[in-house]
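Copied over from Swiss-Prot:
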- 220-285: compositional bias 'Polar residues' (COMPBIAS)
- 289-313: compositional bias 'Basic and acidic residues' (COMPBIAS)
- 365-376: compositional bias 'Polar residues' (COMPBIAS)
- 30-236: domain 'Reticulon' (DOMAIN)
- ASN137: N-linked glycosylation site (CARBOHYD)
- SER278: phosphoserine (MOD_RES)
- 1-25: region 'Disordered' (REGION)
- 214-313: region 'Disordered' (REGION)
- 339-393: region 'Disordered' (REGION)
- 1-60: topological domain 'Cytoplasmic' (TOPO_DOM)
- 171-393: topological domain 'Cytoplasmic' (TOPO_DOM)
- 61-81: transmembrane segment (TRANSMEM)
- 150-170: transmembrane segment (TRANSMEM)
Amino acid sequence: MNRNTTTNKNANLNNSRNANAPGEAGHQNKTGLIYWTNPSKSGASFAATLVSLLILRNVNVISVLLKIGYMVLFTSFAVELSTKVLFDKGVVSRFGMQESPDLVGVLKPHIDRELDRLPALEDRIRKLVFAHRTRNNFTIGVSLYFLHGLFAIFSMNTVLIMTTIFLYTVPLIYDRKQARIDRAIDRMKDLVIHRFHKNYNKVVEKTEPYIDKIIPPQTDEGSYSTSISNENKSSTSQRNKSGLSSSEFDNMNDTSASKSGKDSYSTSQYNRAEYPVSQNENIGTLKSGKQEIPTEKDFNNRHENFSKPDVKTYDPRTVDIEEELAAHQRELEQNLKDGDYNLVGSKEIPDPITVPAPTRHTTKPAESQSIPIKNNETLHKTTHGLKQKLQHA
């Protein structure tokens with residue numbers, strides 16, 4: 001009576017526990033040795049595996065097998081020889097096994113069954129190696145990396161013993177406490193993600209120097225847009241610091257850009273050896289240096305302050321370009337009338353390097369013609385070419 005009452009109480013208690021924790025009912029229709037559905041078989045296989053691994057760890061199996069082999073051979077040899085000497089017939093050859101066991105018939109079904117599974121295994125390996133699913137490729141690659149580190153630290157036998165213990169314990173614990181373990185894993189995952197987002201800026205600041213060392217910043221044409229955006233940001237910050245308006249700051253930038261443009265054009269033209277020449281002058285003669293050299297007095301009279309030509313820059317937002325060009329054209333025509341040959345390579349004006357300085361004539365000079373000037377850059381290019389000619393001469 002009392003025994004039945006105690007049994008019923010235990011059964012009700014177990015049912016209430018299973019109702020409160022439905023995810024921890026146990027086994028959940030899973031069968032196999034590792035889930036201990038049959039404790040006797042699972043315990044026997046677990047014990048046999050551990051004992052065999054311990055034997056392999058403490059005993060040299062190859063040495064034992066070789067010792068057993070030569071002992072069997074020496075024993076059969078001694079018995080066969082002694083019986084032939086004493087009885088004229090060998091006992092071992094007479095009463096020994098006359099036919100070999102049919103190992104092929106026993107092993108062939110098992111081998112065929114395993115070979116039938118081989119094509120599917122080959123297909124899975126092929127898809128894994130050639131990354132048909134990158135997630136599986138990455139997951140198994142990480143697993144192999146950790147296994148490599150594990151085998152580098154521990155011996156193979158130790159790893160096998162640890163694997164056997166985990167194989168027979170971890171699935172059973174997870175099967176019985178699945179809901180609780182899943183909640184703990186989700187909590188840890190959320191905590192890691194929260195900490196990562198919280199410390200994201202610190203991680204970026206600490207890793208940025210190392211990333212710059214591994215991947216240096218681009219300096220080629222591909223980084224042109226990035227450099228332009230950075231330049232715009234720096235100019236904006238500079239304008240805000242100086243307290244200038246946008247129009248005043250743009251005028252300052254245009255002036256500095258025109259100055260730098262002169263220097264860069266002069267350097268590039270000199271490096272490429274592109275010198276403007278007159279129509280009747282050969283470029284080979286100019287590069288060989290055989291042309292007539294003008295005197296220093298003639299050079300000073302014609303080209304004062306030649307190293308820094310007075311070339312104005314224009315802002316199209318504040319200056320009328322056509323009016324300025326007309327004024328420059330009138331100024332150049334007046335200089336040409338006065339004898340200041342400031343252009344090289346034109347059809348109307350001779351080259352001052354190949355033609356000597358003009359002498360005074362009593363005859364009436366020919367009527368001068370106006371030379372069209374496209375823009376102020378023409379004057380700068382021609383005067384710079386004359387300077388390079390004189391330097392090479």
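A Cβ is built for glycine as well, from the same backbone N, Cα and C atoms used for every other residue.
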Per-region confidence, the topological domain 'Cytoplasmic' (1-60) (mean pLDDT, whole number): 69
For ASN137 (N-linked glycosylation site): intrachain residues, at least 6 apart, with Cβ closer than 8 Å: LEU128, ALA131
Residues from the same chain, set at least six apart from the ends of the transmembrane segment (150-170), whose C-beta lies under 8 A from its own: 33-34, 36, 42, 46, 49-50, 53-54, 56-57
